[in-house]
Amino acid sequence: MSPLQEGLVIAHLGQGIAVESDGKTVLCQPKRKLETVTVGDNVLWQLSAPDQGSIEEILPRRSLLTRPSRNDKVRPVAANIDTVFVVFAPEPYCDFLLIDQYLAICENRNIDAALVYNKTDLNPQTALIDELAIYENLGYSIFRVSATHRHGLDQLKLALAHQTGILTGQSGVGKSSLTNALIPDKDLKTNTISATTKHGRHTTTAATLYHLPSGGNLIDSPGVAIFGLDGLSEAQLAYGYREFQPLIDHCRFKNCRHVNDKDCAVRAAAEQGNIPMSRYQRFLKLRDKMPRAS
Ligand SMILES: Nc1nc2c(ncn2[C@@H]2O[C@H](COP(=O)(O)OP(=O)(O)OP(=O)(O)O)[C@@H](O)[C@H]2O)c(=O)[nH]1
Ligand SMILES: [Mg+2]
Ligand SMILES: [Zn+2]
């Protein structure tokens with residue numbers, strides 16, 4: 001048997017998994033019993049045939065993003081992400097519920113979150129400016145960029161330089177435009193992956209990890225726009241609102257739902273203006289949308 005080597009999963013191809021190892025890319029098959037290998041995974045692999053490998057082990061992950069799939073199961077979207085960059089814009093109309101949802105997931109999954117305000121060349125609604133100030137006060141970094149005018153991209157590159165990031169956000173906010181601006185030779189790289197693994201086309205649905213010319217990695221995954229509430233429990237959703245965290249222990253009841261419960265410290269803080277009311281109201285909305293355990 002060939003020796004085990006360490007590698008990084010950079011893409012899912014039709015016929016296998018592209019693993020980068022020692023500067024080369026090898027097409028690998030996961031061992032049958034292995035849980036689903038995903039982009040960003042560090043793996044141990046070995047040669048099984050010339051130019052072909054077999055993934056023997058997934059090394060421990062520091063984070064994992066998943067999305068809902070059939071039968072109440074979840075599928076991995078990407079592993080070992082350091083920061084989720086939540087992209088939004090004045091147009092399409094900004095969905096703050098969705099933004100809060102992404103932030104809540106990151107808060108629970110050991111992933112940093114930052115906001116990317118794209119299309120700054122357009123006039124924003126006042127509501128957007130107000131909410132931005134709220135997120136900034138909560139400690140979230142905000143990158144103000146314009147993909148089409150190439151404004152603010154250097155700061156974004158700098159932030160990505162020492163880590164693995166992923167862009168997410170509703171359709172039409174400019175994720176693809178930003179990805180193309182950050183990875184100018186994206187198509188070339190995609191073709192290179194297919195060519196070096198000598199197998200099959202790289203479908204547009206495949207999640208792919210790109211090394212940025214200025215350092216760091218960006219995972220481009222068409223699936224990330226829909227990772228939903230990612231199986232968060234009601235308690236995790238509350239924890240996902242970071243301004244609630246110091247308050248939760250001060251609610252009278254341990255199982256406080258932070259809705260109409262007596263002596264709820266979270267609701268009281270929102271009513272007294274100590275935490276943002278708009279965020280609290282969105283928490284209630286998201287909570288309402290959650291599937292109930294019956
Ligand atoms: N004015 C302006 N338009 C932009 C900017 N960035 C992207 N757009 C436009 O917004 C539209 C959507 O951009 P995409 O990059 O396709 O958006 P996306 O987030 O990838 O959308 P999905 O793939 O559907 O999730 C396109 O028409 C872009 O030209 C920007 O900075 N300013
Ligand atoms: Mg896109
Ligand atoms: Zn409470």
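Heads up, the Cβ atoms here are built off N, Cα and C, so glycines get one too.
In TrEMBL, annotation is done automatically, which means it is predicted and not curated.
Pulled from TrEMBL, these are the features on record:
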type	residues	note
BINDING	ASN118, LYS119, THR120, ASP121, GLY169, GLN170, SER171, GLY172, VAL173, GLY174, LYS175, SER176, SER177	GTP binding site
BINDING	CYS251, CYS256, HIS258, CYS264	Zn(2+) binding site
DOMAIN	70-227	domain 'CP-type G'
DOMAIN	79-225	domain 'EngC GTPase'
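Here the features listed in TrEMBL are painted onto the structure.
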{"residue": "ASN118", "record": "GTP binding site", "contacts (Cβ under 8 Å, 6+ apart)": "VAL87, PHE88, ALA89, VAL145, SER146, ALA147, VAL173, GLY174, SER177, LEU178"}
{"residue": "THR120", "record": "GTP binding site", "contacts (Cβ under 8 Å, 6+ apart)": "ARG144, VAL145, SER146, HIS151, GLY152"}
{"residue": "CYS251", "record": "Zn(2+) binding site", "contacts (Cβ under 8 Å, 6+ apart)": "HIS258, ASP261, ASP263, CYS264, ALA265, VAL266"}
{"residue": "CYS256", "record": "Zn(2+) binding site", "contacts (Cβ under 8 Å, 6+ apart)": "ILE248, CYS264, ALA265, VAL266"}
Check: same-chain CB within 8 A of Zn(2+) site center, minus CYS251, CYS256, HIS258, CYS264:
ILE248, ARG252, PHE253, ARG257, VAL259, ASP261, ASP263, ALA265, VAL266, ARG267
Those binding-site residues in SER171, LYS175, SER177 whose CB falls under 6 A of ligand 3, listed in sequence order:
none
Surrounding CB atoms that lie within 10 Å of the CB of SER177 (GTP binding site), all protein chains:
16
Residues of the domain 'EngC GTPase' (79-225) by DSSP state, where helix covers H, G and I:
57 helix, 32 strand, 58 coil
So if I take the binding-site residues (THR120, VAL173, SER177, CYS251, CYS256, HIS258) and measure from each Cβ to the nearest atom of ligand 1, which come out below 6 Å?
VAL173, SER177
Quick one: of the binding-site residues GLY169, VAL173, HIS258, CYS264, flag those whose CB is under 6 Å from ligand 2, and say none if nothing qualifies.
none
Among the binding-site residues LYS175, CYS264, whose Cβ has the fewest other Cβ atoms within 10 Å?
CYS264
Over the domain 'EngC GTPase' (79-225), what is the model's mean pLDDT?
89
